[in-house]
């Protein structure tokens, strides 16, 4: 599962 990560 891909989750939004600030900085990625």
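Note: Cβ is positioned from N, Cα and C throughout, glycine not excepted.
Database features, via Swiss-Prot:
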- 1: pyrrolidone carboxylic acid (MOD_RES)
- 8: tryptophan amide (MOD_RES)
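On a Cα basis, residue 1 (pyrrolidone carboxylic acid) lies 15 Å away from residue 8 (tryptophan amide). Taking the Cβ of residue 1 (pyrrolidone carboxylic acid) as centre and 10 Å as the limit, one finds 2 other Cβ atoms among all the protein chains shown. Under the DSSP three-state reduction, residue 1 (pyrrolidone carboxylic acid) is assigned to coil, being neither helix nor strand. Residue 8 (tryptophan amide) counts 6 other C-beta atoms within 10 Å of its own C-beta, drawing on all protein chains shown.
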